[in-house]
Amino acid sequence: MLMCRRWLVCSLRCHYRSFSFSAARRTVMPAWVIDKYGKNDVLRFTKNAALPIIHYPNEVVVKVHAAGLNPIDISMRGGYGAATMAMKRDPLNISQSGGEFPLILGRDVSGEIMECGLDVKYFKPGDQVWAAIPPWKQGSLAEFVVVSGNEVSHKPKSLRHDEAASIPYVAATAWSAIVNTGGLNKDNSAKKRVLILGGSGGVGTFAIQMVKAWGAHVTVTCSQNAERLVRDLGADDVVDYTAGPVEKQLKNLEKFDLILDSIGGETEKWALDLLKPWSGAKFVTLITPFLQNTDRLGLADGMMQSAVTVGCKVVKNLRKGVHYRWGFFAPSGSALDEVSEMVDAGKVRPVVEEVFSFAQVPEAFQKVEQGHARGKTVVSIMEDQKE
């Protein structure tokens, strides 16, 4: 009987704790939103954005302390991937066209858990966390955001929130491309040769540190003025793309086990020749036509066109003894758990180029849109809310 009563009391307390935030909170919050796709002038600040609520028992509400911006935010502002994102948000097409608006951008979040769904076991209100938010969900340029429990992870203890917000999206992207698609991990990377095309941006600066921490030899392409940065992060060889044709410079080096391409364009016409043939070597590109195809042709035809395109390239390169793959962002709290350990162990550090205030979100977008990044652009949100 005593055990039963303890279980009942515990259950009631857990139930109350999980939803205590809902009972007393407001129904609106400050946020930056867009009401249509376009250029920077579509960004609008509002104090009346709908405050997010838990819809599924595995979700958590996070109070945003800092948000990170990524090139995907610039693309999404202009409508890139709208067809695919709409399908992910509304698989049955119940909502009318434009049902995603007002849309909140921002893929990185670092903050504090305020509320947990009933199935969330590893987090509690008050936990300091970070997460990479999938593009089909409402983003982090707001006071609060809802994420799934399997997307969130405890923030590294050694980082401030504005530092932590620079890592999750690029870490999840690099992890998906290098580990899930490329096949490298901490146990098999020693002495492997890795080439990172475009090493000074967000994904590149993280990928350098991760594979270097795993014992790989890292070669990076970047401009001359980014060489010091990438060498400080662990790059062994640096190729300056402003000093002449990159492919000619790279052909003078030993061949590679893995190439991570964050540049796209003409690179895949010559980069696969830099791989070690018949050794399982892989070329993984993050620049794919998948979302462009679905936007242009519709979901079904776009997916078919993408399958044909990648299939032809896979077969063509298999004949040469190398593997061609597309890499994609994949949210993963478990991957961020491992990254958090690497950060606290001093093996990975944040690379923040500039921090903007919440009032400066349009300026932050302009900074990312200019390109030639030397790390990440971050928006500090919690400090503005205190004022």
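From the backbone N, Cα and C atoms, a Cβ is placed for every residue, glycine too.
Annotation comment: Swiss-Prot describes S200, G202, V203, S223, Y241, L286, G327, F329, H372, A373, R374 as NADPH binding site. In the three-state DSSP scheme, S200 (NADPH binding site) is classed as coil.
The feature domain 'Enoyl reductase (ER)' is assigned by Swiss-Prot to 38-379.
For 1-27, the entry in Swiss-Prot reads transit peptide.
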Residues that sit under 8 angstroms from H372 (NADPH binding site) by C-beta distance, when 6+ apart in the chain: S200, S223
Residues that sit under 8 angstroms from R374 (NADPH binding site) by C-beta distance, when 6+ apart in the chain: S200, A226, L229, V351, E353
G327 (NADPH binding site) CB neighbourhood, other CB atoms within 10 A: 24
